[in-house]
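Asker: One structure follows; several queries about it will come next.
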Amino acid sequence: MCKDLKEGPLIEKLIKKYIARALLLVVVSLIFFLSLYGLTEWGYQSINNISWLLAIIGVNLVYYNSNKEGYMRNKYRILYIVFILATYALESFFLFGGIHIINFPILASKILSSILILSLIYTIKKISDNIYSPTLAKSNFIILYTLLFIGITSIVFFPVIFGGYALVYEGDGFSQHYTLFKNFREELLSIIKNGEFPAMWDWTYGVGSSWFSKYVYYNLGDIFSYLSILSPTKYLVQWFSFLVLLRAYLAGIAYYIFARTKLKGQTALIVTSIAYAYSPLVIMNITRHPFFINVMIIFPLLLLGIDLVVKNKKINLFILITAWAIINNFYFAWLMAIGGLLYLVLLYFNVYQKKESFWLFIKPFIVALFIVIGLVSVYIIPVLYNVSLMSRGEDIFANDLMIYNMQYYFRLPLDLINMNGGRALNFFGGYSVVFVLASVFIFRRIKEYRVLAGSLIIGIIIVLSPYLASIMSGMGSPVQRWMLIWNVPIALSIGFVLDNLKNIQKKDLTISIWLYILIIILSFIGEKFKMAQLNLTLPLICMMLCLVIIFCNKLNLLTLKMSKLCLAAIIIFNIFGNVWSYHSYNSIARIDKHTRTADYLEKSIADSFVGVENIIQTKPDQRLHMSNVDRLIPTKFFRGNTSSLLGVYQLNSYNSIENKYLNTMLYEGFGNENFPSAPFVVTKDMPILLRFMGVKYYVSKTNSYHPSGYEKIEEKESSKDIEITKANSVVPFAYASQDSILESEAEKLSQPARLNMLLDTVVTKNKTDISSHYKPKYDEVKQKIIKIKDKSTGEELKAIDNRYTFLAGHDYNVELDVEYLDKKDVFLSFDEASPVFVPKEMRLKRINTGNRTPYDNLKFYINNMFLFDDASINFRVKGTELVQGIYSEGKLSGNGYRKIKRQSYYMGKLDNNMSSSVSFSNKSENDLRISNLHFLTLQQDENIINKKIEKLNLNRLKNIKFTKNKVEGIISTKGTAMLATKIPYQPGWQAKVNGKVTDIQCVNYGFAGIELDSGDNEVVFTYQEPGLLIGLAITCSTLLILLISLGYMALSKSEKK
């Protein structure tokens, strides 16, 4: 066999024979299928099987009779049969999918499946032709790469392309990415149609947001969002999905542009470009966060820009790509800046240190960065203003982790080559198994590949350290999003192995085998001795195939070219496995168990407010609120951002940039759960808070909870499935008060008391000229005496040092003092909720009933072998009307870890005959210690609350008008007063009273307020994006300086000539 392979490329002939016959087989089987389907009443599966059998017999007989060189050699006949059977199986799979998943007619599904298979065979033909040709023209790369990308995409995303499914995750994908994409498109079309910029302030987005804040994180710097205008409205979901896949496609192109300066072989370039385009974080973010993929496009080009500066001192590309990186997204600009800096450091100390001085090396970059900063100032300065206001900036550094838990480290080797969706901290591995061999190859030749080896080492260190991962992630949670940029050195490593396959030595293979064995052993332990899942065993299969191919090459059983082809096939197969295990593991009918069809998504937007917006009229000062208690919609299908599309004024919005003052108001001021991306989603639906925020209408399920002070609208005006309630009066949008209190004084009150106090006075951060100082009324809220009993033991739980400890897995009954429970609003308050880690021995002791066998104890220790203090909390508080919870994902959270302090949960109203109507359930793995736990009752009835609100309405801003970027009205005061508004406190607002500019203060914890003099006052608030004019001036100045400099340089050159 070895002799035959050296004398002639028999494998090449085999592939050509397979391609020629497979193309004919598909066409002939299609003809037989169409004929039999019309002539018989057999089932489609039987017809398909018979059609393929007849086609195989007929085609092979024709080739047998016409083959002058004799029929195919016996030693390749089995391999040929395997190829043909694989083609038949894949075509049958597509046929089944078309009929049962997409619901296509049988004939249409057969034709579609045949077209897909013919396309795939043609792609294989192109790959084979180019691999066996001496050279591959670079112009052919795009064609071959495109064919391969389309082939893979058509198979793995079959339900999306042909079944109407959308690449929109029903969580963030719907709530943020697609909804804001659609919003942004409407804004762009409006600009084109009307020729004017939209209002810089949007009152329909949450409680109000600047246009810049609304779009800056997801759309404003994303070039693909601007392409939204190219799609008709009817096909926008499909266009969104296409643009997601286009990002992945362009990621591979961008990598190729950079990698062709490093790699020599075209096989290596094509395969690693595809592997890069379908790297793990791309696979995940195709449905989750598509704008993450932009990093994969920009970063290779940034590295190329750095190379051009270093080698040729040309800064043009570096300036362009750096500006793009900054504009694209400020968060990822930080990530790519660190990645680019590390690459620059590695280049200098490993390549250029002895060639030129550090100053000459770094000087072009300093000049280029000054130019970039000047050019993008019009964008970046407003961004910095918005970032300074964002509520997502208070995470605990590295989630308080010094090291990860041991299970993380045990599973890490396999996680790097296994696509998974269930790891903590957004760790998404799944790099090709060839990466293990590539790492050995690179590290054993570290002198030759200093920069690449350094990149891999730095990446491994970051993977191991929570501190470094936190730095890469902007000083917050140690999420592994930085691995987006690590894909470049990983892909290059695989490429160098394919380029240098003939140079792989026995020692490389030996070390790789031991590494593979170590990976299997560590992962077997890390998975608690379970390795039976498909997505875990698939990488192991690829490992063995990889080693077999290398051994066959070394034993001359496979030619070098054929070995490259086989390794390329394994890498592609690995990609299929990754996508399949992540997106389609449970069912091919769902690309992801959380994605939906295009029609469903559009209907969800239209039905966001269940038609209520057609029944009632909302305004900025009279808002609507959808129940957070018993949601009308699935929890993950959050509809907060659809209000801008439907013109509804409500409270909720969901964005990475939310006003930090409002989040602080809700969390610290009033004791709500901390949810910085959507602060008003967790308001607990407290009646006073809703009325203070101007919520006129409350929408809930029929016969469900509705807040006190809200009465049901007549039945004929609402749907049978929903209930609309209306408040008789709400706190006005702007009102004047001659009473004020400092925040430092208000902090002495309980959180419910602070909320109630807002109906009496205005809270200010600093002292004002208002003479009347509000004195808190401490008797409005009274503390309740409670008794807590453990349901399982019947024992009363006692507080030690004013702290209750609730055991993991235990339920508790709560008895309240009935003296003050006469239909009063009740709050559960506490100072801090701290998880208490329960060691293994204590857990075993708690469950050891005496009936446990040694085997039971062994299983317990296996299941808990990696137990550690993750500080997670899952504690439920149930009342008669509401169920509230104390929740924290703990230290493994990828969304920000914070300690839970000073919260107050609204429990609704309790009658004096409901003293035992409250219960606790600790569903945590840990015990939970809660300090200063107590119940508070608001000692005011509805009449008192209504009178307070009526008093505020008497002093409201009258004739209020909301126009573009402006709020205006008139008000009369009898003395110096503070005008408190519902305008979120945010730089950019300017106030004028009777034509004179007045300073804006932060009042009521998070809103804009101004001082008024006695008499009639005409008040005008206007908004202009802060930093925009300064940034524009700097950008224009930079452009002017550049033009003058370029003109001077051109003139100097002409004079020299």
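Glycine too: its Cβ is placed from the backbone N, Cα and C atoms.
Pulled the feature table from TrEMBL, pasting it below:
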{"type": "TRANSMEM", "residues": "18-37", "note": "transmembrane segment"}
{"type": "TRANSMEM", "residues": "142-168", "note": "transmembrane segment"}
{"type": "TRANSMEM", "residues": "236-258", "note": "transmembrane segment"}
{"type": "TRANSMEM", "residues": "317-346", "note": "transmembrane segment"}
{"type": "TRANSMEM", "residues": "358-384", "note": "transmembrane segment"}
{"type": "TRANSMEM", "residues": "424-444", "note": "transmembrane segment"}
{"type": "TRANSMEM", "residues": "451-473", "note": "transmembrane segment"}
{"type": "TRANSMEM", "residues": "479-497", "note": "transmembrane segment"}
{"type": "TRANSMEM", "residues": "509-526", "note": "transmembrane segment"}
{"type": "TRANSMEM", "residues": "532-553", "note": "transmembrane segment"}
{"type": "TRANSMEM", "residues": "565-583", "note": "transmembrane segment"}
{"type": "TRANSMEM", "residues": "1028-1051", "note": "transmembrane segment"}
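Are these features on the surface or tucked inside, and what touches them?
Answerer: Proximity of distant same-chain residues to the transmembrane segment (18-37), defined by a Cβ-Cβ separation under 8 Å and at least 6 residues beyond the stretch ends, is recorded for 44, 47-48, 50-52, 54-56, 58-60, 63, 80, 83-84, 87, 91, 106-107, 110-111, 114, 117-118, 121-122, 124-125, 128.
Remote same-chain residues near the transmembrane segment (358-384) are listed as 212, 216, 220-221, 306, 309-310, 313, 315, 318-319, 322-323, 326-327, 330, 344, 348, 352, 1025-1028, 1030-1032, 1034-1035, 1037-1039, 1041-1042 (criterion: CB distance under 8 Å, separation of at least six residues from the stretch ends).
For the transmembrane segment (424-444), the list of distant contacts is 275, 279-281, 283-284, 408, 414-418, 452-453, 456, 469, 477-481, 483, 487, 490, 493-494, 496-497, 500, 504, 507-509, 511-512, 515-516, 519, 539, 542-543, 546, 550, 567, 570-571, 574-575, 578, 582, 892-894: same-chain residues at least six beyond its ends, Cβ to Cβ under 8 Å.
Sequence-remote contacts of a segment are chain residues at least 6 beyond its ends whose Cβ falls under 8 Å from one of its Cβ atoms, and for the transmembrane segment (451-473) they are 335, 338, 342-343, 346-347, 350-351, 397-399, 401-404, 409, 412, 416, 425, 439, 442-443, 479-483, 486, 488-490, 492-493, 496.
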Asker: If you count Cβ pairs under 8 Å, which stretch among 236-258, 479-497, 1028-1051 touches the transmembrane segment (317-346) the most?
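Answerer: Answer, by Cβ pair count: 479-497.
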